[in-house]
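Asker: Following this message is one structure expressed as structure tokens.
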Amino acid sequence: MSRIVVITSGKGGVGKTTTSAAIATGLAQEGHKTAVVDFDVGLRNLDLIMGCERRVVYDFVNVINGDANLRQALIKDKRTENLYILPASQTRDKEALTQEGVEKVLEELSQEFEYIICDSPAGIERGALMAAYFADEAIVVTNPEVSSVRDSDRMLGILSSKTRRAEQGEDPLPAHLLITRYSADRVEKGEMLSVEDVQEILSIGMLGVIPESQAVLNASNAGMPVVLDTESDAGQAYRDAVARFLGEDRPHRFITTQKKGIFGRLFRG
Amino acid sequence: MSANPSPIQPIEFKGRMILVSILRLHPAEPVALQEALEARMHEAPDLMRDMPVVVDMDAMADTPAQDLLSALETVRQHGLKLIGLLYSQVSAPLADRTGLPLIVLGPRAGGEVPLRPAPKPPIESAPQETSEAAPVPPVQAVHTPSLVVNQPVRSGQQVYARGGDLIITGAVSAGAEVLADGHIHVYGPLRGKALAGVRGLDSARIFCRRLDAELVSIAGHYRIAEDILDTERGDNRLITLSGETIRILEI
Ligand SMILES: Nc1ncnc2c1ncn2[C@@H]1O[C@H](COP(=O)(O)OP(=O)(O)O)[C@@H](O)[C@H]1O
Ligand SMILES: [Mg+2]
């Protein structure tokens, strides 16, 4: 049985692509055959984060248009077994993603993959709706700030009304909350919403909290999903999120501030 | 001192809102339009008679202007009161010729909350009485069973319980809007807008587990977030209309 999972948020720059790369890699590491699909037509940066941008020949739109078949367009990840990437087109516009085309490609991917991770573009327009329309499950990525939470709330409303499941009158698709770029220090200073605040407003199950971390930038510069950086806080937090996604019960980490040592107290006040 | 000694101003703008239905026209033969209007009229004559509507013609892009004008005339003849045209490429050129104002609505991207089809209220399927010269009763909301919403109402979504009460078991998010002809009950936090008694029922009330609303309104009288005191916000609140004043009480 194959599951289509959309990584979505409403707002841009919150960490959807970072999350898509990390979750897809994590699932593949756990032995699940996984494809990660870039729906951000025109921008294309999933392949950069996955470090496969120099191996792109054909893209998602080529497959929809019949210029290439899926096998030709899918890029096999070099580091992780069981992981494939379907890159977005850089040259086309979002209109190229027709509903029939997307359905056909997802249908074909479902024959072969256990998980299909859809990296949604920002916004609530066509591209984002296409990424979500056929999903069985959603991971809603939110930063702990008011505007991001509001956009996620709006996206949750859309997921419950504008997806195939909703239109067919089935139960709303399960949605999980992933809070990213979380800084316990800034929460303590009142500059950011706390985990409880965000969860209270969105009231959906919590998949994880990913701390704001230099490791994410380092990893993306290196063209490597941060989940492979097993030493890093963000890498570990993503690993926990993947485990929870697969049904494991793990305590949340990185939510409270580190106890400052004597030097921290002396020099940072 | 003011030049005008009279304390009574000749005009006064009242901060009241009214709920107006939007009548969306789809391309159709004149006969079909006529039949559709007649069918509706037959279903709910009291409701339809003199009902104020704003006409949405956005779907009629390919219809010639003359046919649009006669469609509007047909609508008018069936007793609806046209009070404006919903602004669109189609309606804009017609504003002058119809003498109707163009009305612009804000976006509502989330769409309506999908609701499982509610059981049809028996009153709708009951045969209508056909006493012809009966005096026109005042337009009154027909009682229908309460509308129960079992999922949160999210930002951008709107739910309207026509003719009855609205019961929401979860939260109403900031940016969401819930409306009812009758009472509104929210068994989660109310952070968005809630409008009860939208067709004029002064005795309508709003009940909520926690009040943190952007707006509360009863029978068109309203208070926006700014006018709701911090002390009035909080758990277990009841909102009523007393005269022209919206009151917020603890239950
Ligand atoms: N946990 C994090 N810590 C620090 N920076 C992050 C984190 N998550 C994402 N970023 C950075 O934020 C920016 C946007 O991330 P991206 O995944 O591309 O967002 P989206 O796909 O939602 O637009 C990138 O520069 C990324 O490196
Ligand atoms: Mg992205």
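In case you wondered, yes, glycine gets a Cβ from its N, Cα and C as well.
Unlike curated records, TrEMBL annotations are generated automatically.
So TrEMBL has the following annotated:
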type: DOMAIN; residues: A:5-226; note: domain 'CobQ/CobB/MinD/ParA nucleotide binding'
type: BINDING; residues: A:Lys11, A:Gly12, A:Gly13, A:Val14, A:Gly15, A:Lys16, A:Thr17, A:Thr18; note: ATP binding site
Asker: Which of the binding-site residues A:Lys11, A:Gly12, A:Gly13, A:Thr18 have a Cβ less than 6 Å from any atom of ligand 1?
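Answerer: A:Gly12, A:Gly13, A:Thr18, by Cβ distance under 6 Å.
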Asker: When a 10 Å sphere is centred on the Cβ of A:Gly15 (ATP binding site), how many other Cβ atoms does it contain?
Answerer: 22
Asker: Check the binding-site residues A:Lys11, A:Lys16, A:Thr17 for any whose Cβ is under 6 angstroms from an atom of ligand 2, and report them in sequence order.
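Answerer: List returned for ligand 2: A:Lys16, A:Thr17.
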Asker: List the other residues in this chain whose Cβ sits within 8 Å of the Cβ centroid of the ATP site residues A:Lys11, A:Gly12, A:Gly13, A:Val14, A:Gly15, A:Lys16, A:Thr17, A:Thr18, in sequence order.
Answerer: A:Ser9, A:Thr19, A:Ala122, A:Val141, A:Thr180
Asker: Per residue, counting other C-beta atoms within 10 angstroms of the C-beta, which of the binding-site residues A:Lys11, A:Lys16 reaches the highest number?
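Answerer: That would be A:Lys16, with the highest Cβ count within 10 Å.
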